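Down below is the structure, laid out as structure tokens.
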Amino acid sequence: MAFKQLFAAITVALSLTAANAAVVKEKRATCANGKTVGDASCCAWFDVLDDIQANMFHGGQCGAEAHESIRLVFHDSIAISPAMEAKGKFGGGGADGSIMIFDTIETAFHPNIGLDEVVAMQKPFVQKHGVTPGDFIAFAGAVALSNCPGAPQMNFFTGRKPATQPAPDGLVPEPFHTVDQIIARVNDAGEFDELELVWMLSAHSVAAVNDVDPTVQGLPFDSTPGIFDSQFFVETQFRGTLFPGSGGNQGEVESGMAGEIRIQTDHTLARDSRTACEWQSFVGNQSKLVDDFQFIFLALTQLGQDPNAMTDCSDVIPLSKPIPGNGPFSFFPPGKSHSDIEQACAETPFPSLVTLPGPATSVARIPPHKA
């Protein structure tokens, strides 16, 4: 379904839910564990939740397993092309789990390198609980985000049928693609515009890279990879000065902090006139970050699906955790200041931020998957 149609469907659904709640008591079902949901079919997902929190996310941590589960959502969902369909070619099924069903094919695609590990990690849970791969990928991604302090309250809908064929290669954006290429790709996938593209990249707030630089693993995109905040949007605007590893890798540019990786697409989107002001708008604005990402994540997980035929099981997703402490949502790390910013938005100045005290340090790597 095209994004604008999807937007209308989601908006109507949310409006009807609010209206119904104001008139009559919402119809609920009570599960065996005593928790209530809007639809009885959602009860089975509590067993899945308990299992993956204990045995995949190690007690609800926002670590490597969570980061890779979030990445898997995007790589599965974005693989859809109405433009190819219009030419009589199969354009992929979007959020249909094809990357897991046809993993030997799709994880070999260049932008999906490294995802074979998270697919292998998730497959046993799919088989154990008898859910579809598409539903599980969306569920695991939503739960993973709920484990990261500061993330939105995530939504989750079921009803994705198993993919019947693999998505074509070439539909997942690469770190070395131009801004024009990436905007065109997301516009084809769901009629997303350049602003909504920036919303998608909020996921890099809780992410790391294992395969851009072959000499080093677990390189985060910002200094707070375990927290869903706007530091990613601050630190990508620092003037690039160094590489965290070997350097000179395809799709990598110099970052502004030791131990932190910066991919070419993030660097150029932060500075392109079409996206720079939206990029900067998240700095110091946690509520905008949360609202926009909550919407775009749901939209992505419903690409290729009919939202009206899906079941809302958002009740199963844990409450998101608040950002710990009383510190600012955006800040300059120790040793950094406004003079390190490469101002790109021509409409408004870069926000005034505090610099945290202490000496400048290297950003720690993300530990690999736990056995």
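Along the chain as shown, the residues are counted starting at 1.
Using N, Cα and C of the backbone, Cβ positions are placed for all residues, glycine too.
Record check, Swiss-Prot: Ca(2+) 1 site residues include G94, D96, S98, and the candidate from D76, D135 also listed there is D76. Of the residues proposed, S205, S246, the one Swiss-Prot records at the same Ca(2+) 2 site as D222, T224, I227, D229 is S205. The candidates are W199, W279; Swiss-Prot tags W199 with the feature 3-hydroxytryptophan. Looking at the candidates C313, C345, Swiss-Prot gives C345 as the cysteine bonded to C277 by a disulfide.
Between the CA atoms of D229 (Ca(2+) 2 binding site) and C31 (disulfide bond) there is a gap of 34 Å.
Ranked by CA distance from C43 (disulfide bond), the recorded positions H75, S205, D222, T224 have H75 at the top as the closest. Distance from the CA of C148 (disulfide bond) to the CA of I227 (Ca(2+) 2 binding site) is 5 Å.
With the fewest other C-beta atoms within 10 Å around its C-beta, C31 stands out among the disulfide-bonded residues C31, C62.
The Cβ of C277 has fewer other Cβ atoms within 10 Å than any other of the recorded positions C148, I227, C277, C313, C345. Ranked by Cβ neighbours within 10 A across all protein chains shown, the recorded positions S205, N285 are led by S205.
Other residues of the chain with a Cβ within 8 Å of the Cβ centroid of S205, D222, T224, I227, D229, the Ca(2+) 2 site, are G150, V206, S223, P225, G226, F228, S230, Q231, F232.
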